[in-house]
């Protein structure tokens, strides 16, 4: 395809050079640029793509999309100037792969907590209903029944559109994806044709990137601002930010809630270690997930399925068959009678939700919590997480969790600042995460609950740029001498 044809996807400020040249590929990473590729110079958080135009030229690129025109323009090159290269990359990526999202019923899920569970359960539900479907998530990507590894919650525009192209070519009718705040802010989802948007909740997270809660909210809201009139916007009415999200959307707005008036409502009747009895839209259903947060997730899945035109009774029947997502309230029972739970909870609110779910299940028995905080991330949440964990646990172990470029001992000390004198008496500081988990299991007795929070599905510990193999679930099973039952 000629460069001239791609220009219709952009709103160029200026075009200098030959637009008749063929474009063989599109690249935003100069290391991946090939002969005849169109190089898009995107300004990132750590570097500026404009700096790598010479390298892209050396590797054979002769067409460039830029925000700033270079002083020197090599002969035979074409420079297309636009106001926003990130936005341009999204449009070009969609066009390069034949606008694949237009051939899918695409639903995006955003929010601080619950994105992975909601997107994954929707994918599983629609597969069980006989549809071919795709999934883009933190844990794994799926093209129908074929899994693909994932590196980001939301991939870059080129990888994302390539993935949707594979889904469309495989005959998928539906696609469900997590939409991170980073992806929205960086316009990775620009030019995608969404048929639905879902908002789960909003609490403190990613302030190391966004700077403030209002900016974090604004990034999430931009997703709904971009929805078309043909789409639905399903929001949590029990979250004060739910209706803020859809203030400026053109989409059809609908709500779900456990407490407030909403289009889709549910009530928890009874809680068990292996599930909950619920009323959902005045219909009784037993579900195999645990916790109020999962009641919201399931209700959200139900509402979205109904908005997509599915039969309500059939949706409820399949909802009762669905089980938890890997690393989300994943339970292991020891031969000694205590229960260990591995969960991805890595924000104060998520930690509170999980511990508040465990407390009534533990009854008079102990709750032992193992938790850390990620390095190079929002430092403000560290003492809050320790404080909230201590309030809800009989024993607390602070440990390492992806320290990245920071010293793990320093992160742990920053967490410990949130502890009172009394809290410190029941707290252990153990830097080695495996030792921390083993210690928690040694302290546990029959009927106790051990929560290992923060990593969930992750299979690595990131230290100074290197991802070392580490899986909380493997360590738990080893501590239980592999005599466990996965619920």
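Keep in mind that glycine also has a Cβ here, set from the backbone N, Cα and C atoms.
Record note: among 393-396, 397-400, 401-404, 401-404 is the stretch given as motif 'Meso-diaminopimelate recognition motif' by Swiss-Prot. Listed by Swiss-Prot as binding meso-2,6-diaminopimelate are 401, 402, 403, 404, 454, 458; the candidate from 328, 359, 377, 424 that the record includes in that site is 377. Under DSSP, the residues of the motif 'Meso-diaminopimelate recognition motif' (401-404) split into helix, strand and coil as follows: 0 helix, 1 strand, 3 coil. The two recorded residues, residue 377 (meso-2,6-diaminopimelate binding site) and residue 117 (ATP binding site), show a Cα separation of 23 Å.
When the binding-site residues 111, 113, 114, 115, 116, 401 are screened for a Cα within 10 A of the Cα of residue 220 (N6-carboxylysine), the ones that qualify are 111. Its own atom aside, the Cβ of residue 111 (ATP binding site) has 27 Cβ atoms within 10 angstroms in the protein chains shown. Same-chain residues lying 6 or more positions outside the motif 'Meso-diaminopimelate recognition motif' (401-404) and placing a CB less than 8 Å from one of its CB atoms are 346, 371-377, 411, 433, 454-455, 458, 460-465. Across the structure, residue 404 (meso-2,6-diaminopimelate binding site) and residue 113 (ATP binding site) are spaced 22 Å apart at their Cα atoms.
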